[in-house]
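According to Swiss-Prot, the protein carries these features:
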DOMAIN    5-125  domain 'Glycine radical'
MOD_RES   100  glycine radical
């Protein structure tokens, strides 16, 4: 388990007010920030911190889920895309986001255009 601490009192003055992530499973300490003596991201054995007093620091740990979420934001009206399918000559510069890439709507196949419309506009969340 990883916990965050700020050292408030220590025999080693370099540790004073430094912030650390303690990994109890590996018995390691990772420096988040220190004014002297330690570098950010430096990993040492937890025992090297010596005796100290500390306060807990809230930490946020990023989820380790593969895949995650992806959001493409297109700010436009459904009618605009539907009209672009019917009259592509009126929308030569219409650009949308698809899978993280900017693409001209007219360069997509009709099937892809309809898929974009279906996925972009929903009745409710």
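A Cβ is built for glycine as well, from the same backbone N, Cα and C atoms used for every other residue.
For the domain 'Glycine radical' (5-125), the model's average pLDDT works out to 86. Secondary structure by DSSP for the domain 'Glycine radical' (5-125): 33 helix, 34 strand, 54 coil.
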